[in-house]
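Novice: Here it is, the structure in full.
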Amino acid sequence: DAGSSVEEMEFNWDEYLEDTGATAAPHGSFKHVDTSLQNGFAPGMKLEVAVKSDQNTYWVATIITTCGQLLLLRYDGYGEDRKADFWCDILTADLHPIGWCEQNKKILKVPEGIKDKIPDQEEFLQRVLKGACSAPANLLEGLHRGKNPLDLIAPGSRLELQNIRDSLEAWIVNVVENVGGRLKLRYEGLEDSDKFDQWLFYLDPFLHQVGWAAQHGYSLQPPLAIRSLRSEADWQEILKKVKEEEEESSVPTDLFKDKPVIGVHSFSEGMKLEAVDPMAPFVISPATVLKVYNDKYFMIEIDDLRPERPSSQRYICHVNSAGIFPVQWSLKNGLHLSPPPGYPGHDFDWADYLKQCGAEAAPQSCFPSLTSDHGFKENMKLEAVNPVDPEEVCIATVTKLKDSYLWLQLEGSKKPVPECIVSVESMNIFPVGWCETNGYQLRPPRKAIVNKQKKIAVVQPEKQILSSRTVHDGLKNQELNSSDSVVINGKYCCPKIYFNHRCFSGPYLNKGRIAELPQSVGPGNCVLVLKEVLTLLINAAYKPSRVLRELQLDEEAAWHGHGETLKAKYKGKSYRATVEVVRTADRVADFCRKTCIKLECCPNLFGPQMVLDKCSENCSVLTKTKYTHYYGKRKNKRIGRPPGGHSNLEAAMKKPNKRRKRRKHFFVHKKKRSSTSVDNTPAGSPQGSGAEEEDDQDESELSHSLAQDRDKRKRKLRTFSFSDDENKPPSPKDIKMEVAEKLQLDSNPLEWSVADVVRFLKSTDCAPLARIFLDQEIDGQALLLLTLPTVQECMDLKLGPAIKLCHHIERVKLAFYQQFAN
């Protein structure tokens with residue numbers, strides 16, 4: 001497509017998965033990514049926290065869960081009671097390790113809420129602190145406070161890397177870049193050359209903190225590949241300089257505590273096995289144990305029978321190294337074993353080969369057991385490093401699975417790459433969205449065609465676009481406002497988001513559908529968790545397209561977060577809009593609260609705080625007609641729902657110049673229909689506008705349907721119309737009608753509570769429907785605004801029951817005008 005190129009192509013995982021019909025590999029299958037998001041704190045650790053009610057006193061609290069720089073804490077003494085759990089930000093909260101109060105002459109005092117449970121404070125503290133693990137002091141105080149440990153591996157940091165190609169000797173490497181724990185490393189002494197740069201995940205078993213080699217008896221020597229680039233004296237001078245600057249550039253030892261532990265192996269020299277070369281993981285080949293270093297490390301070499309042997313493929317392994325298999329593993333799994341170069345014939349036979357070589361096969365006991373319990377399935381999508389060019393991270397598709405190994409087809413690489421064989425525990429594979437989250441370029445698929453200026457908008461089928469923002473502008477703003485979001489760490493990990501089903505659901509969200517949502521979502525990546533939360537809310541709406549419009553990024557608004565494209569379906573039509581979500585954990589709570597207010601529901605309906613008994617907003621007293629008084633955005637154009645305690649209907653009675661406009665909702669227009677169509681929304685549903693609302697019928701159509709129905713039942717109904725004088729409001733004396741089954745009301749339906757509405761319905765032949773009105777909190781004002789289409793849609797009623805129900809609603813409306821209009 002003219003005007004498009006790979007660099008300008010904007011890739012969207014959601015659209016790609018939808019177009020291909022594929023699913024994303026589950027995030028839980030990437031254990032190294034989960035580990036990288038941990039913040040150094042662990043559930044069960046204890047610390048001393050300032051008491052909210054008295055900032056001059058402190059009390060011991062236990063970490064319940066962690067997410068980025070957020071901790072969920074519970075004061076000791078509450079036991080299993082979760083009601084008092086609270087989130088706090090490590091950067092801003094007054095948190096200290098155990099013993100800090102004693103050292104700094106601060107007061108430890110039991111909080112008021114549990115004072116009665118702890119009669120003897122000293123005895124209680126001795127008991128709960130015995131054998132307790134304190135939160136790390138270095139993560140609560142000083143320069144490292146609030147930082148994700150991963151952030152401490154900054155550009156310029158030094159590490160030691162073992163040479164896995166020809167020896168176990170280690171050499172110093174400098175961190176050039178840290179992308180979500182994936183490190184670009186450059187050998188010390190090669191500052192001006194990137195030819196020998198390597199990419200490794202920080203948990204790689206061959207990567208260590210400075211000083212590791214000396215502690216474990218290994219020498220520090222530059223690899224053979226670079227040794228000739230400098231003199232021996234130069235290398236020694238470099239080493240001396242590194243030791244002098246060790247404290248300035250070192251990385252905390254705690255950072256490597258989650259590295260895989262290397263076990264003891266039982267291989268011997270000369271044993272044969274099957275192996276995949278990690279530098280070219282495309283085929284399985286016969287291999288030989290070339291050398292055993294000690295009980296942890298051994299070297300294998302891919303067999304090559306050619307006399308000249310242009311190059312040797314050898315590398316160092318340990319017992320848990322990926323890509324080593326027992327003899328006959330390929331045959332048992334129906335896989336092709338590539339014969340060694342120079343092998344006579346095409347049909348490789350292990351028995352003949354072992355006899356020919358005079359070697360023995362490594363026994364099965366030498367190899368760890370393989371598992372198939374990993375969550376990956378064929379055709380799943382993920383992101384994977386290109387082994388030919390580790391700078392590239394590509395879209396990958398699982399084409400085959402055998403035990404704990406995946407065959408991946410990479411898309412979008414600069415040069416075509418054969419299927420790669422990787423372990424499910426490989427640190428070179430990542431979940432969908434990892435690159436985007438960490439600000440790294442994902443290679444887009446080659447076949448995608450994207451215009452340079454792609455519009456993301458709410459799409460109205462066969463109607464004009466409501467609003468749009470170009471991706472170009474959005475990305476430009478995002479670069480300006482989110483420059484600190486290049487390297488992902490724990491602060492981008494969203495806490496668990498709770499759906500508090502008991503809270504007031506507001507006018508847009510269906511309370512019944514809200515009750516069916518999961519109790520919580522997350523924790524995980526902020527963008528992904530919040531996107532899932534918003535998608536669930538959109539699907540729980542009376543009109544998903546309406547909620548999508550409420551959430552849509554305002555064209556004039558400043559872009560402070562991350563733009564995500566969300567979709568909604570309503571009445572067979574699809575809608576799409578760009579919605580702004582926050583990227584950092586410290587903004588999640590505020591984002592959830594503001595989104596709730598935007599949707600005019602209780603600010604605690606969803607968020608990182610679980611509401612157990614009573615909501616702090618006391619939202620249980622609210623009904624669908626009172627939402628704008630408390631949380632809503634008062635809209636002048638809103639017709640369907642009267643805000644606060646003052647009804648639009650009552651106001652209409654007091655203002656003659658608006659009387660006709662208000663009252664035409666409820667009267668039959670036999671001679672003429674209003675040119676201004678009024679959309680009466682269902683109880684608890686939003687007042688819409690634009691093309692999406694044209695599917696709804698107005699009140700006149702309902703009255704016409706009811707009139708026909710009553711004619712069929714041979715009921716006499718005389719209709720009336722307004723005077724030809726447009727400015728003259730109708731008066732009750734001008735209205736003459738006879739209605740069968742005339743209803744006499746004891747109270748004004750505008751003042752009916754939900755219970756009153758339910759009581760009325762139970763007195764009719766629609767009593768079974770009373771439960772729906774109770775669940776959806778429909779009070780008297782909402783009852784008077786119900787229409788036939790909305791009754792059918794929002795209550796899932798068939799035409800017959802819906803008409804019967806609307807007949808009773810019409811009786812209430814007519815009784816209201818006859819008895820209470822004056």
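Positions of Cβ are set from backbone N, Cα and C atoms, glycine also.
In case it's useful when we look at the structure, here is the feature table from TrEMBL:
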REPEAT    11-111  repeat 'MBT'
REPEAT    119-223  repeat 'MBT'
REPEAT    233-340  repeat 'MBT'
REPEAT    348-445  repeat 'MBT'
REGION    633-733  region 'Disordered'
COMPBIAS  655-674  compositional bias 'Basic residues'
COMPBIAS  675-688  compositional bias 'Polar residues'
COMPBIAS  691-700  compositional bias 'Acidic residues'
DOMAIN    749-815  domain 'SAM'
Novice: By DSSP, what is the split of the repeat 'MBT' (233-340) into helix, strand and coil residues?
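Specialist: The breakdown for the repeat 'MBT' (233-340) reads 24 helix, 25 strand, 59 coil.
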Novice: What are the DSSP helix/strand/coil residue counts across the repeat 'MBT' (11-111)?
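Specialist: Each residue of the repeat 'MBT' (11-111) counted once, the result is 21 helix, 35 strand, 45 coil.
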Novice: Can you tell me how the residues of the domain 'SAM' (749-815) break down into helix, strand and coil by DSSP?
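Specialist: Secondary-structure breakdown of the domain 'SAM' (749-815): 49 helix, 0 strand, 18 coil.
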Novice: Could you break down the residues of the repeat 'MBT' (348-445) into DSSP helix, strand and coil, giving a count for each?
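Specialist: Residue counts for the repeat 'MBT' (348-445) by secondary structure: 15 helix, 31 strand, 52 coil.
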